[in-house]
2 protein chains.
Amino acid sequence: MIEDKNPQRTPLSELGEFKLIEHLTSHFKITQKSTIKGIGDDAAVLNFEKQQIVVSTDLLVEGVHFDLSYAPLKHLGYKAVVVNLSDIYAMNATATQVTVSIAVSNRFPLEALEELYAGITTAAKIYNVDVVGGDTTSSTSGLIISVTAIGEVKKGNEVLRSGAKPNDLIVVTGDVGGAFMGLQVLEREKEVFKVNPNNQPDLSMYTYIIERQLKPEARKDIVELLKTLNVKPTSMIDVSDGISSEIIHLCKQSNVGADVYETKIPLDPQVISTCEEFNVDSTTIALNGGEDYELLMTISQDDFPKIKGNPNLTVIGYITEEDRGMHLVTRAEEKIPIIAKGWNALKNQA
Amino acid sequence: MIEDKNPQRTPLSELGEFKLIEHLTSHFKITQKSTIKGIGDDAAVLNFEKQQIVVSTDLLVEGVHFDLSYAPLKHLGYKAVVVNLSDIYAMNATATQVTVSIAVSNRFPLEALEELYAGITTAAKIYNVDVVGGDTTSSTSGLIISVTAIGEVKKGNEVLRSGAKPNDLIVVTGDVGGAFMGLQVLEREKEVFKVNPNNQPDLSMYTYIIERQLKPEARKDIVELLKTLNVKPTSMIDVSDGISSEIIHLCKQSNVGADVYETKIPLDPQVISTCEEFNVDSTTIALNGGEDYELLMTISQDDFPKIKGNPNLTVIGYITEEDRGMHLVTRAEEKIPIIAKGWNALKNQA
């Protein structure tokens with residue numbers, strides 16, 4: 001590959017704030033019927049007719065949530081939007097708009113911000129949401145991205161964390177633990193790179209889990225699938241901190257307990273092999289590794305025939321009475337209490 | 001005054017992310033009919049019936065937008081909410097909800113965040129908005145606050161930047177330049193403090209302008225006043241970067257020109273006296289000093305009798321055809337082109 005050793009670097013100071021915002025946002029197209037006025041006024045104007053709206057917001061901070069030494073800016077822009085949309089889908093809603101604010105130090109040239117916005121634009125296009133506002137400002141150090149996502153849901157169709165009932169089935173979409181193991185691989189390669197910058201790592205064994213970390217997808221398809229199957233979950237949450245943590249959220253807010261079966265937790269073969277390579281327990285990673293952006297839900301047993309055999313949906317346990325507590329039932333049929341480690345805590349240990 | 005030399009300092013690490021969020025947000029009360037579900041789920045659920053909604057977002061970064069050596073955290077929390085509400089009022093809308101996200105380094109103890117949230121809570125109470133969501137995370141350096149404000153406006157009542165017509169009157173609320181001069185006083189005192197930390201500054205001459213800087217108010221009252229007077233502005237914007245910059249925004253988006261009369265620009269006596277003391281031209285400050293959070297609007301001449309004599313509203317000029325350009329008509333009746341300096345540029349010069 002012939003590398004461009006002299007990429008263009010336009011200092012942000014050359015443009016000034018207003019021109020910068022105009023340059024970065026002028027190509028955003030409006031596609032949603034509910035967007036009356038997008039970027040370019042004091043506020044966006046939206047009209048949802050009789051629909052309810054849902055709103056969620058997240059802040060991503062360089063050095064805390066991402067490391068630019070291995071996260072390409074385009075992927076980062078994409079991920080910043082996707083992780084917010086994931087919260088909208090976790091309400092059983094349709095995402096319609098986002099606002100994106102960025103604080104950036106002047107070590108970033110214009111071309112870097114263009115990359116970031118290219119990722120934002122791609123995510124907006126793929127997930128069919130309008131970018132309707134934001135703020136671009138300077139920071140004294142590093143990059144900060146704040147996204148607010150807005151969605152719509154018909155009154156009564158929203159799914160909260162608080163509706164789980166004893167005997168409901170606990171269902172998770174896709175597979176879990178991949179994003180966390182992808183991060184482990186990337187961090188290991190970063191250490192190798194520090195020692196030998198000319199080393200070209202072979203990451204072909206880890207493509208799936210690295211993509212889970214750098215360019216996750218939100219489960220828009222699941223909201224559509226549930227509608228098609230005519231299933232309304234009794235509770236739902238997105239898996240951002242690991243399923244242990246999410247199960248605890250659902251149980252606490254629904255005043256119920258849970259039994260989760262270790263053998264049922266869906267793992268990709270790359271997660272299993274990478275866990276073996278790193279000598280870590282795959283169940284621990286699946287329970288506590290974060291950033292999978294799958295959906296964890298509970299459904300009534302009556303709905304089981306509707307989801308049975310669907311490759312996107314895996315039943316991993318069931319809801320119990322609150323006084324039964326929250327447990328993992330291991331391969332050896334032992335019951336271990338589920339505790340909230342969360343992926344941040346895990347990360348600090350790793 | 002007896003100072004507490006040993007204030008309580010609880011490290012954030014003692015609580016962990018979930019407990020911290022719960023601790024800081026548990027006291028937020030829901031008062032808006034449109035808030036169906038506030039903090040505590042993946043997203044907030046809102047229902048505006050048939051109203052349109054407006055959305056605006058801002059990012060405040062330590063060292064760029066505020067300096068904690070003179071901005072008390074409580075005021076900062078208050079200001080972070082208010083500056084966003086100002087954008088909602090600039091749409092002629094009623095603010096109803098905010099989300100507040102905070103990234104904070106662990107040099108801040110819990111008590112500091114409690115102060116910040118006390119300011120947020122006070123602003124929410126005074127302006128009658130619900131805090132319905134947010135994110136609390138760590139930062140590698142400094143404090144970052146991201147606020148998204150949501151409001152409602154009946155279809156057709158929204159006022160954009162693009163509706164100004166030739167012969168419309170240009171009207172500004174309150175007075176301008178105060179926040180910028182307040183900042184100059186605070187920055188001067190900071191320099192004095194660096195040299196002599198025991199010096200107790202007498203700031204009683206500057207109370208109004210310092211309050212304009214540290215604890216600005218948004219003009220909720222103006223939206224209500226306009227309704228009472230039965231005046232719908234043809235265009236409106238909030239004064240965050242200085243009236244020069246805002247007039248340029250209105251003119252460009254409305255494809256019109258403007259004549260603004262220097263003698264008509266409303267200045268507080270403290271702004272005039274402080275400008276004299278600092279040996280700066282008060283008109284330059286009024287035009288280019290930012291953060292006043294007043295509203296700048298254009299109204300049809302037919303509406304002039306309705307606003308005439310109202311102490312909150314000052315006519316400072318009128319809209320012209322686009323090819324006439326944008327000018328300041330000076331005391332000497334000279335016409336000087338209005339250029340966009342913006343308060344950031346001014347700040348860098350000062």
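Every residue gets a Cβ built from N, Cα and C, even glycine.
According to TrEMBL, the domain 'PurM-like N-terminal' annotation covers A:40-153.
According to TrEMBL, the Mg(2+) 4 binding site annotation covers A:D42, A:S56, A:D87. Residues near A:D87 (Mg(2+) 4 binding site) in space but far in sequence (CB under 8 A, at least 6 apart, same chain), listed by position: A:S56, A:D58, A:A149, A:D238.
Under the heading Mg(2+) 3 binding site, TrEMBL lists A:D42, A:D87, A:D238. Taking the Cβ of A:D42 (Mg(2+) 4 binding site) as centre and 10 Å as the limit, one finds 25 other Cβ atoms among all the protein chains shown.
Residues or ranges marked as Mg(2+) 1 binding site by TrEMBL: A:T57, A:D58, A:D135.
Summarising the annotation, TrEMBL assigns Mg(2+) 2 binding site to A:D58, A:D87.
Residues or ranges marked as substrate binding site in TrEMBL: A:H65, A:E291, A:W343. According to DSSP, A:H65 (substrate binding site) is assigned to coil rather than to any helix or strand. The Cβ neighbour count for A:H65 (substrate binding site), using a 10 Å radius and every protein chain shown, is 22.
Positions annotated as ATP binding site by TrEMBL: A:Y117, A:G134, A:D135, A:R161, A:S240. Listed in sequence order, A:L24, A:T25, A:G77 are the same-chain residues six or more apart from A:Y117 (ATP binding site) with CB atoms under 8 A from its CB.
Positions annotated as Mg(2+) 5 binding site by TrEMBL: A:D241. DSSP gives A:D241 (Mg(2+) 5 binding site) a coil state; it is part of no helix or strand.
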Would you kindly determine which binding-site residues in the set A:T57, A:D58, A:D87, A:Y117, A:S240, A:E291 have their Cβ under 8 angstroms from any Cβ of chain B, listing them in sequence order or replying 'none'?
A:T57, A:D58, A:D87
How long is the line from the C-alpha of A:S240 (ATP binding site) to the C-alpha of A:D42 (Mg(2+) 4 binding site), rounded to the nearest angstrom?
32
Of the binding-site residues A:T57, A:G134, A:D135, A:R161, A:D241, which sits closest to A:H65 (substrate binding site) by Cα distance?
A:D241
Enumerate same-chain residues with a sequence separation of six or more from A:G134 (ATP binding site) and a Cβ-Cβ distance below 8 A; give 'none' if the list is empty.
A:I21, A:T25, A:I39, A:T99, A:V100, A:S101, A:I102
To see if you understand the setup: which same-chain residues, six or more apart in sequence, place their Cβ under 8 Å from that of A:D135 (Mg(2+) 1 binding site)?
A:S101, A:I102
Treating G and I as helix alongside H, and B as strand alongside E, what does DSSP give for the domain 'PurM-like N-terminal' (A:40-153) in helix, strand and coil?
34 helix, 47 strand, 33 coil
CB neighbours of A:S240 (ATP binding site) within 10 A?
22
Recorded ATP binding residues, A:Y117, A:G134, A:D135, A:R161, A:S240 - maximal Cα separation rounded to whole Å:
33
PLDDT averaged over the residues of the domain 'PurM-like N-terminal' (A:40-153):
93
